[in-house]
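One structure below.
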Ligand SMILES: *[C@@H]1O[C@H](CO)[C@@H](O)[C@H](O)[C@H]1NC(C)=O
Ligand SMILES: *[C@@H]1O[C@H](CO)[C@@H](O)[C@H](O)[C@H]1NC(C)=O
């Protein structure tokens, strides 16, 4: 019945099942032709109802294989990969594609590279390597695109330097070189991991091959250094490139301005910016203005940021979505939602379409102001305009649930995020882990932590500290200590918050010696204990009537901190009737600071009277009045 008719658009999709769609395809290909059949296929997979129906891909692939049309078969397979990636079933799709070899379809480098790009976009490095292995196993020769994609994946995933180097060498061996984009990624990655020397090594290797570093390579290095905050080195590279006869371009300068701004040296950045404005050859472009606007936003100098927006328009430079989003984010962070909305309207009027980052900025701002319902409404509007939530959108909404202690809804959203193929990052995991730890649900936190490490994500100091706090909260300092010992494996350095949590936890469990050991080691590492930590350790010793140890613990503090802590300690001891030991500390306090805090003094004397220790009180009063006169 479909003979001689281009059928697709005359079919009412609500009336047919996915299985019937497969039948229609089969009938089209055998009765009408492959072009029409393919047309139908594309129409069908544009509809969510059919898009995720596996047989709708398998049958066409098989038919094209049978009819000796491997190109078309590959085309269908690429669609399969894209569709199933959307619902978090990329791995299944990949396996099917690879298995098609057994069905008589030789693998193609084009399809495999396509898969790699999808895999890499989702940050799944391990799967990428699997695909690469399959490629070699099946005799498909990787091309420069293959290597570039995998190298880019490793850089984006923050893999180890040696891994990236291995791939680079494999690539060079085949006679391929990096292109601009990958060069920037690799250089960036090496800089980020602190291996600047390796960049120079790479430049040398390339120079030996007849490609000495050019402006683009140098600019990539300047950019990498600026981003990691090594501004001085960045300027040194700038000098070197000028010495070698290369003229820095506006991108080089923009990288420097961006770096200076990120470091908080906005005024220095602005001076460089003005130099560009005044020069004839290096006029700032849209990126430069945006970098500068971003710098001012970060310092909450929104007036100056707005001024720059005006100035750039006067110069005939058109602000883009990124420029507006930067400014909108700045306003949201300072709580000015009204201006943020105005800017969003304005950008639309100027033909600049807000992207998901723009929405994320405003939605985050709204959530922080408690306007969660409005935030959701705005998002719906964005989705209606064809945008889809990204990792940041999900993380913002998950954080919002976590803030309200609704971990159940947070997990619902998290699951949805995974299902839609949106890869969470460590920040997403940390948000959830921290929320579960606050609710003492350590099992759930552990599971999430394991999952994140399994995915190859790198836990941060914040992740570790949340877990350590959690274990201390449930009285399991053994587990907390074990986690603490693992921190350095991921390059995380404990801070006073981490130590504080651990020390308080240990004190609560009466493991005073271990607490003191940590207390000493944190001071050795140049990390100063906060007021609560100082007080907790000293107080625990006082409770055991070991005032000598308590004093030693406090000895290492600078005078101001010492005085503050001892004041608090005296009040605390007084309120608990430990007048003798409080008196000891009070005298020490007077040695260092002859005019005592009157609140501490009042608390102490009251405690003395309450405990009938009149002589202690009068001794002290005498000393004070003696010193005053
Ligand atoms: C330098 O840039 C060129 C493109 O201009 C690129 O082909 C080359 O691979 C880059 N060199 C390095 C070491 O990344
Ligand atoms: C510490 O790290 C090792 C491997 O790096 C792991 O096997 C162990 O389970 C970790 N310990 C804890 C408590 O997470």
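Using N, Cα and C of the backbone, Cβ positions are placed for all residues, glycine too.
According to TrEMBL, the feature repeat 'PPR' maps to 108-142 (among others). Tertiary proximity for the repeat 'PPR' (108-142) is limited to same-chain residues at least six positions away from its ends with a CB under 8 Å from its CB atoms, namely 70, 74, 77-78, 81-82, 85, 90-91, 94, 97-98, 101, 149-150, 152-154, 156-157, 159, 174, 421, 423, 456.
Look at TrEMBL and you will find 143-178 (among others) tagged as repeat 'PPR'. Within the chain carrying the repeat 'PPR' (143-178), a Cβ under 8 angstroms from the stretch's Cβ atoms is held by residues 109, 112-113, 116-117, 119-120, 123, 125, 128-129, 132, 135, 185-186, 188-190, 192-193, 195, 198, 202, 205-206, 209, 211, 456, 458, all 6 or more beyond its ends.
For 179-213 (among others), the entry in TrEMBL reads repeat 'PPR'. Summed and averaged per residue, pLDDT over the repeat 'PPR' (179-213) gives 89.
Beyond its flanks by at least six residues, the repeat 'PPR' (214-248) meets 180, 183-184, 187-188, 190-192, 194, 196, 199, 203, 206, 255-256, 258-260, 262-263, 265, 281-282 of its own chain at Cβ-Cβ distances under 8 Å. Residues annotated as repeat 'PPR' in TrEMBL: 214-248 (among others).
Each residue of the repeat 'PPR' (249-284) gets a DSSP state, and the totals for helix, strand and coil are 26 helix, 0 strand, 10 coil. Sequence annotations record features per position, and here TrEMBL assigns repeat 'PPR' to 249-284 (among others).
According to TrEMBL, the repeat 'PPR' annotation covers 285-319 (among others). Nonlocal intrachain contacts for the repeat 'PPR' (285-319), taken as residues 6+ away from its ends with a CB within less than 8 angstroms of a stretch CB, comprise 250-251, 253-254, 257-258, 260-262, 264, 266, 269-270, 273, 276, 326-327, 329-331, 333-334, 336, 339, 347, 350, 352.
For the repeat 'PPR' (320-354), the list of distant contacts is 286, 289-290, 293-294, 296-298, 300, 302, 305-306, 309, 312, 361-362, 364-366, 368-369, 371, 382: same-chain residues at least six beyond its ends, Cβ to Cβ under 8 Å. Among the features that TrEMBL reports, repeat 'PPR' is placed at 320-354 (among others).
According to DSSP, the secondary structure content of the repeat 'PPR' (355-389) in residues is 26 helix, 0 strand, 9 coil. Marked as repeat 'PPR' by TrEMBL: 355-389 (among others).
According to TrEMBL, the repeat 'PPR' annotation covers 390-424 (among others). Remark: secondary structure over the repeat 'PPR' (390-424) totals 26 helix, 0 strand, 9 coil, with classes taken from DSSP.
Residues of the repeat 'PPR' (425-459) grouped by DSSP class, helix first, strand second and coil last, total 26 helix, 0 strand, 9 coil. What TrEMBL records for 425-459 (among others) is repeat 'PPR'.
Sequence annotations record features per position, and here TrEMBL assigns repeat 'PPR' to 460-494 (among others). For the repeat 'PPR' (460-494), the list of distant contacts is 426, 429-430, 433-434, 436-438, 440, 442, 445, 449, 452, 501-502, 504-506, 508-509, 511, 514, 522, 527: same-chain residues at least six beyond its ends, Cβ to Cβ under 8 Å.
Tertiary proximity for the repeat 'PPR' (495-529) is limited to same-chain residues at least six positions away from its ends with a CB under 8 Å from its CB atoms, namely 461, 464-465, 468-469, 471-473, 475, 477, 480-481, 484, 487, 536-537, 540-541, 544, 549, 553, 556, 561. Residues or ranges marked as repeat 'PPR' in TrEMBL: 495-529 (among others).
The annotation transmembrane segment is assigned in TrEMBL to 20-45.
Helix, strand and coil counts from DSSP across the repeat 'PPR' (108-142) read 26 helix, 0 strand, 9 coil.
Same-chain neighbours of the repeat 'PPR' (355-389): 321-322, 324-325, 328-329, 331-333, 335, 337, 340-341, 344, 347, 396-397, 399-400, 417, 420, 422, counting only residues six or more beyond its ends whose CB sits under 8 Å from a CB of the stretch.
Counting residues of the repeat 'PPR' (460-494) by DSSP class, helix then strand then coil, yields 27 helix, 0 strand, 8 coil.
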